[in-house]
Amino acid sequence: MCGIFGYCNYLVERSRGEIIDTLVDGLQRLEYRGYDSTGIAIDGDEADSTFIYKQIGKVSALKEEITKQNPNRDVTFVSHCGIAHTRWATHGRPEQVNCHPQRSDPEDQFVVVHNGIITNFRELKTLLINKGYKFESDTDTECIAKLYLHLYNTNLQNGHDLDFHELTKLVLLELEGSYGLLCKSCHYPNEVIATRKGSPLLIGVKSEKKLKVDFVDVEFPEENAGQPEIPLKSNNKSFGLGPKKAREFEAGSQNANLLPIAANEFNLRHSQSRAFLSEDGSPTPVEFFVSSDAASVVKHTKKVLFLEDDDLAHIYDGELHIHRSRREVGASMTRSIQTLEMELAQIMKGPYDHFMQKEIYEQPESTFNTMRGRIDYENNKVILGGLKAWLPVVRRARRLIMIACGTSYHSCLATRAIFEELSDIPVSVELASDFLDRKCPVFRDDVCVFVSQSGETADTMLALNYCLERGALTVGIVNSVGSSISRVTHCGVHINAGPEIGVASTKAYTSQYIALVMFALSLSDDRVSKIDRRIEIIQGLKLIPGQIKQVLKLEPRIKKLCATELKDQKSLLLLGRGYQFAAALEGALKIKEISYMHSEGVLAGELKHGVLALVDENLPIIAFGTRDSLFPKVVSSIEQVTARKGHPIIICNENDEVWAQKSKSIDLQTLEVPQTVDCLQGLINIIPLQLMSYWLAVNKGIDVDFPRNLAKSVTVE
């Protein structure tokens, strides 16, 4: 939820028009995350002024607002920092006054964009109101901007002219909750602060010259930092302030009635960032792109650095410095600059009408990529590099706990049975929010598996921290390299599905499913009794991409069904049993979130325990009738439906004589899909429902990629 984007150019001349276009384009590439308003902040015409443009609605509405305000687009800047934001309302309605950026005062001295929720904002707001500050919005973010101004003025009055990152540390000390934020200020021209806690942030670096090293050092205070003192001087520069213009500091008395005054950290481990050193020591032209998502950066650069929780990034004078308040045992001393594997074409629609449609049709390729290089079909071996060293520990586990939300939860449900069958380890599947609410007991001999497409899901991250505190081994199954879950877990698997832009997860679901099956296969490769079963599954996986391609040919038939039998329906029932129960739940979720039609996935065995009361000739029903050990029971459940005048649509295997015979005497329709191994059949069966949800939505004129009230990456509780 929400999206942050920032752009800083240093010794790279850009017009105001180019800067605005870069910021707006960055926001457009964050649209899929979900939002209800947008805004940007850039330097104004005067030396200490800031232009803020914000608007409710789409990014296109913001572009119209900027055009209406008619700023001089031809003014050029050799160095400049601009920030931008797409907002998902958490505090305050979607109104222009609540849009980000939020300002500290009418003079725009400090301007902030923020993702997350500040849980103590009411206390902060009360404190600031008592000190005379007037609030314009209902947001928690405005508290941050005003807190910046208050602490800046307080320290200035007491003789402390703070560096931007020192001031930010004081602000962060007062904040509780989660945040990813950017701040710019007229007091610190051409500088920007980026910091995160529980909300993702990355920084892209673009330079014509090759970087000297592929990392940035983390800078810590010295042991005696925290004691106010007169700064040391070296070469006319304040020690610890790098190439910035020297500032004079004086130790002043603290006023007990004000928030804490800075104990200046003059003795910082601070030097020119090694990554940005030039051969002759002259400044290097460079551009920085700060974002909550790699999709908005890849157009400009593939060199990115992922911030970790409590990192404080300070960009100024063409350099990037990363500060932390304290050194933790075992913490990394650097942040590596990585190369994104994402291609620009992957986040473009191409010939498709919607990203969701594109991603449905990418599944033959995405499922193949999930398995690429990991399965040896000739020798029936599965090798997951990220798990290999940890498998002996996992095999000794007392139980496996799979924790996820939404679609990722369904992929866990879909594979629970095969985990139990192959490993003989009890497996529980938990919704992250419920897991936390119950304070579920977790022990050191448990293995906790966290599944998330984005790797940033807030509830899943909180559950992960909960399990780490209790000493459990943690495994991450994610699609986003460098995400929080991938960094914090002990080991894991990257599903390699490629960027997924549509809010409704399609290809990530099938890739998660396959990654979990491969995990189960790896876990059981030491069991002689499971060899035949493992070979059957591995050979079944080999055929999956081709079988998905075959199922996609059903689209014309499904499109027609959506335009006739399912048109204008208010509710839909999906029946599944065994491995297909997860498919029923996932199919129902897709139809709900994309077409806004009420749909319910039901365990077929529970039909007669209440759900059967809903069945009549008007209720559309979709049932999974593919072949497995539970097929006779599924047939029995469907016969109960038809006996109550129900007219089910059966997803069955090709050339199945049972359904062919029944269709002669019972009013039912079939959608035939290829047959595969029972534990993999859900991969094939979900494709028709993805297509069905898509066409139901398109026929209603719904924006498939941006369903109302939903966000792609849920980074708040």
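Every residue number used here counts from 1 along the chain in the order it is shown.
Any Cβ shown, glycine's included, is placed from N, Cα and C.
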Q) For which of Ser336, Ser366, Ser665 does Swiss-Prot record the feature phosphoserine? A) Ser336
**Q.** Candidate set Ser207, Ser253, Ser325, Ser411, annotation phosphoserine, source Swiss-Prot, matching residue
**A.** Ser253
Q | Number of Cβ atoms other than its own within 10 Å, given for Cys2 (active site, for GATase activity) | A | 26
Q.
Whole-number answer please: how many Å between the C-alpha atoms of Thr334 (phosphothreonine) and Cys2 (active site, for GATase activity)?
A. 28
(Q) Under 8 Å between C-beta atoms and at least six apart in sequence, can you list the same-chain neighbours of Ser336 (phosphoserine), or say none if there are none? (A) Asp214, Phe215, Leu305
Q | Counts of helix, strand and coil residues, the domain 'SIS 2' (562-707), according to DSSP | A | 72 helix, 29 strand, 45 coil
Q: For Thr334 (phosphothreonine), list the number of other Cβ atoms lying within 10 Å of its Cβ atom.
A: 15
**Q.** Cys2 (active site, for GATase activity) - helix vs strand vs coil (DSSP)
**A.** coil
Q.
Suppose you look only at the domain 'Glutamine amidotransferase type-2' (2-318); what would the mean pLDDT be?
A. 82
